[in-house]
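Engineer: Right, I'll just put the structure down here and ask away after.
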Amino acid sequence: MTMNNFTTTMQDISTAFTIGSLEIKWYGIFITVGFVLAIILACVKLEKWYKISCNPFYWFVFIGIPVSLLGARIWSFIIGDASKSLATQNFFAAFFNFREGGLAIEGGVLLTVIAALIYFPLVLKKPQYNVKTKIGNEYYVKQVSMWVYADAIVPCILVGQIIGRWGNFFNQEVYGPIATEAELAWLKTLMPGVYNNMFITTTGNLHHPFFLYESFINFWFFLAIYIGGEFIKKRKAGDLAIAYFICYGLLRSCMEPFRYSDYQFATSIVMSVLFALFGIILLVCNHLVFSKHRDFKFWEFIIYKTKKFFKQDIKEFLDSKRNADNLKVQKQINKNITKEPNFYRKPSEIFYYNGY
C-alpha cells in the first residue's frame, strides 16, 4: 500500500457513536473499561485469594477514580501538551475536556497513592474489617495491613494502562517514530486494521504503533505480578505493589525516547526514572526494615527496648492490655521479655498469603 493509498483510506476513528449532538469518544470508553476491569480484578484478588473484605476498596473507588482523573489531568497540563487547548478554550472547558485525551498516568498514580495512604490506615482500624486467623488450636483477630490491600490493588493499575493505551490509538496520538512499510509488515499481516490507521495525517508518515508495544509489555508485566508474584516464597507484604512501580518505571524510561518527537517530554522521562528508583529503594527497605518493624506500635517498641529497667512493670502492663486484637503480640512479648536477642514480630500479613 502506498502513502497515497493511506491518505485516501484514512478516516476519523476517534468517535464510537453519537447521542444526539454528543459524540462518545473511544478514548473515554477505553478509559472506563480499564477502570472497571482493574476494579473487578482487585476485588477478585482480595475476596477469593486473600480472603479479606473488599468493602474498604469498594468505597475507596468513589474517591480514587475522581482523584486519579484529576491527578492525570493536572500532570498532563504540567508536563504534557494538554495546555495547548487553552489557546482555543477557557481553562475550565479545556481542563475537563477528557474526551479529547490528555491524561498523564504518572499524575493519576501519584495523587491516588497519596489519597490511599490517608484513607486505608484510617478505615482498616474499624473492627468489622479485622480477620480471624486460626493458629494451632487458637484463634487470633488481626487488623489487616494496608500493604495487603496494596498488593491486591496496585498491580491492577496495569490493566487500566493496557486498555487505556488503545484510546491513544483511536485518538491518533502518542505514536512512535516514523516507520517504513517493510518494518511494519508483521503488523499489516496480524492487525491490518491497526496498520491502516498508523499513517498519521498530521505528519504525513507511517509510524510505529507505540501504544501497542507498551500495551503488550504491560500485559506480561501484569501477569507476572498478579499471578506469578503469588508463588514467590520469600516475598514480603508490599512486594507486589512495589513491583508495579519498578516495572512501570523501567518500561516508561525505556519507551519514552521511542515516542515521536512531538510527544517526548523530558519531565516524563525523569519521572519514569524516579518511579523505578523509588520502587527499587522501597523494595530493599521492605525486606531489610519494613517487614521486620511494620507491626510494632511505637509504645511497644519503646517498652521492649527499656524492659531491663522495669521488667515486672512491663509484664503487668502488657497483661492488663491483652485483648482479642493484640493477643498474639502480647504472647510474643511475654515469651521474649526475659531474653536479649533482637525481638522482631513475624509480619501478620503472611497469614493472608497462606490462604487463612
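Numbering starts at 1 and runs along the chain as it is shown here.
Every residue, even glycine, has its Cβ placed from backbone N, Cα and C.
According to Swiss-Prot, the protein carries these features:
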| type | residues | note |
| --- | --- | --- |
| TRANSMEM | 24-44 | transmembrane segment |
| TRANSMEM | 59-79 | transmembrane segment |
| TRANSMEM | 103-123 | transmembrane segment |
| TRANSMEM | 144-164 | transmembrane segment |
| TRANSMEM | 209-229 | transmembrane segment |
| TRANSMEM | 265-285 | transmembrane segment |
Engineer: Quickly jot the same-chain residues contacting the transmembrane segment (24-44) by Cβ under 8 Å, restricted to those at least six beyond its ends, or write none.
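Structural biologist: Same-chain contacts beyond the ends: 13-18, 54, 57-58, 61, 65, 98-101, 103, 152-153, 156-157, 159-164, 166-168, 170-171, 226.
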Engineer: With CB pairs under 8 Å as the measure, which of the listed stretches 59-79, 144-164, 209-229 comes out on top against the transmembrane segment (103-123)?
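Structural biologist: Checked against 59-79, 144-164, 209-229; highest Cβ contact count belongs to 59-79.
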